[in-house]
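J.: Take this structure first; my questions come after.
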Amino acid sequence: MERRAVYRNKVLPWLLIGPQLILVLVFFYWPTSQALYWAFTLEQPWGGGNAWAGFDNFLYIFRDNRYWATVLRSAFYALAATGLSMLVALTLASFVDRALKGTKLFQSVFIWPYAIAAPAAGVAFRFIFSPEAGLIGGINTIWPGIWDPATNAAHALAMVIICHAWLGIGYNFVFFLAALQMIPKSLSEAGAMDGARPFQRMMDLQLPLIAPTAFFLLIMNIISSFTDSFGLIDTMTEGGPIGQTEVMVYKIYIDGFKGLDYSGAAAQSIILMLLVISLTFVQFKWVERRVHYN
Amino acid sequence: MTSKWLFGAALAASALTAAAPASAATKFEFWYGLSGDLGERVQDVCKAFNASQADYEIVCVSQENYENNLQNTIAAFRANKQPTITQISDGGVVDLMLSGAFLPVRELMEQNGYEIQWDNYFSGIASYFANSKGEMLAMPFNSSTAMIYYNTDALKAVGFEGLPTTWEQVEDVARKMKEAGYDCPVGMDPAGTWQWWEQFMVIHNQPVATLGNGYGGLNAEVTFNQGKFVDQLTFYKRMFDEGLFVNKSKATGQTANEAFTAGDCQVTSTSIADHGSFAKQAAEGVHWEVAMLPIWEGTERQNSVVGGAALWTLKGKSEEEYKGAAAFYNFIATPEQALWWSTNTGYIPVTNSGFDSMKSSGFYDAAPYKGRELAIESLTYTPPGENSRGIRLGNFGAVRLEVAKAMQSVIFDGVDPQTALDEAAARSNEILRKFEQTYKGQQLP
């Protein structure tokens, strides 16, 4: 085995990792411990008090069918937004990968949406989808009442998911395109000579080869569906109609800041954190093994 | 958590950058929850105060709306970066009362040598913002009540003389307007619980909660699912289904008030505070008048309850800043300022003497101020009773959200009104019990 150089200094390593450690403690562990404390007590909105509540806050949440509805909604949101965004991005990337005319232009056009902040996109899409004044709402003049995200929960959720997926397309597109271009052209050509049509080449050759990229994107998209959804929902629907676009993060916001139930919101955020951790764990433990053929 | 931290950090950063050359004046901050036209009027008041003296400088910061202002004030208070004065609406009163985060205004004014005639304030305002001994905790500033606004041309077009005063008449004119080709007789956002639910309860003498709407203690329970409101919600639903009431909100692309001033909807219900803005914003050719909220035939009208907000002085500031705050309160309480404020917004004059002098000077006799006196008439229609002096429930904002959801689920989703209200009541009671536990052992002051 190769020998490594070792510095015997007790202070230097701490100095080197010190700033990092402080950042992690201050920005991650301190807020988390604060949230934990609130989740197990009854926090007075203006501060002070904190009567011990044990698991009451959690039990309260678990008994609440409205909470479970937001969990299901979040799962649906994550899958729908991720699936839609990745599917469209892959389609676009495979067109651009074929180096048709104007490819360079499309490359830059497709990445633009990614540069737009979620709340800004939310405002723009709210206008586009508005039932009375919007562009899509224009179909209401032909078929009155066919499109109404202001009162119809399914429409409202679809509107937010479409906007979320749209925002992610550029990001997914870049990664898919890079992955596709990494595949040696000779491989595709060989497939073509063996008589495989483009769709078959896609399924049998390209998709398996870009699987690691797709896996990475899956994780990034699912995480973003939890974090970025807040800005969109807040600007587009504010959780409505009837609270039916409230996903887990948005319910935390509503309960914590509008309802001033800091303890209930803290308990929900602990649950959400555990959920995201376990989701990531499952993905790395099971899914990644399959894509990397270990 | 993180947001609080970031908020504190952002405040600190802005404080650093704002450390301009020191002037002799003591600076102090006032956060308020109004925006748009009303927000600009607040800025006018601030400018006038700063121009009136050289000792203090008030820095007025809009937080867009009452909700944001409450949230931001709490976050700032917890990060010890609170403003000296904050404007908290009716719904946040109990939370503040128990917070121990404020200096009672009566005490503040006494300590700084100002004499305010507290009994000169409207009893409705006093009963909302005072403790059980009648001592004012917050400085009355912008007080209002809910009203209904009618497009008078549309009323004429359907042959109605005067303004409707009962729900029967409202339904009748709405139906005739629809027949006459008006697409939107009444614009209504079902999330508007304040005018469509709360004030309805009060003027129909319906209890929102036991123990005198919560005045008797933190163990009150809501009862709004047991009285007339069930029928009222059934009525709203029927009106929506017949197209006589039309859903108007930010989500549809046009709020009910915007639809009214544009002439698209012929009736809207909102605060008297919007009277001033409507006068400026109404499209050309749109003629309108304001009236007291309708009641059902055969019921006796009760006084409506005060809305709007009051100014709370927060703990943890310097003596100098408190002197400034007291000077500011004294300034807004002067008859000239009160008159200016009530003239340029639709907010009511908050003192009896203020109202009397405006009335005797003929202020309410002609357009554009005619009709505003009806807000006072509505607020003082009867002496405040058990169900009409106010609503003193902890975390009332969360209760309002539950009722808004109930109203929406009935109107949008066809849920049975009784079922929806029962669920909202059960959830509201859970909110109240949690609040009671959070402030265990504490009493309303």
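Cβ coordinates are placed from backbone N, Cα and C, and glycine is handled just like the others.
So TrEMBL says this about it:
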- A:71-283: domain 'ABC transmembrane type-1' (DOMAIN)
- A:12-30: transmembrane segment (TRANSMEM)
- A:75-96: transmembrane segment (TRANSMEM)
- A:108-129: transmembrane segment (TRANSMEM)
- A:153-180: transmembrane segment (TRANSMEM)
- A:207-226: transmembrane segment (TRANSMEM)
- A:265-284: transmembrane segment (TRANSMEM)
J.: Given a Cβ distance threshold of under 8 angstroms, which distant residues of the chain, six or more beyond its ends, lie next to the transmembrane segment (A:153-180)?
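T.: Distal contacts: 73, 76-77, 80-82, 84-86, 88-90, 92-94, 96-97, 107, 110-116, 118, 121-122, 125, 129, 147, 206, 209-210, 212-214, 216-217, 220-221, 224-225, 228-229, 232-233, 236-237, 240-242, 244-245.
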J.: Give me the stretch from A:12-30, A:108-129, A:265-284 with the greatest number of Cβ pairs under 8 Å to the transmembrane segment (A:207-226).
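T.: Comparing A:12-30, A:108-129, A:265-284 against the transmembrane segment (A:207-226), the winner is A:265-284.
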J.: Is the transmembrane segment (A:108-129) packed against any residues at least 6 beyond its ends, judged by a Cβ distance under 8 Å, and which are they?
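T.: Long-range Cβ neighbours of the transmembrane segment (A:108-129): 92, 96, 135-137, 147, 149, 159, 162-164, 166-171, 173-174, 228, 230-236.
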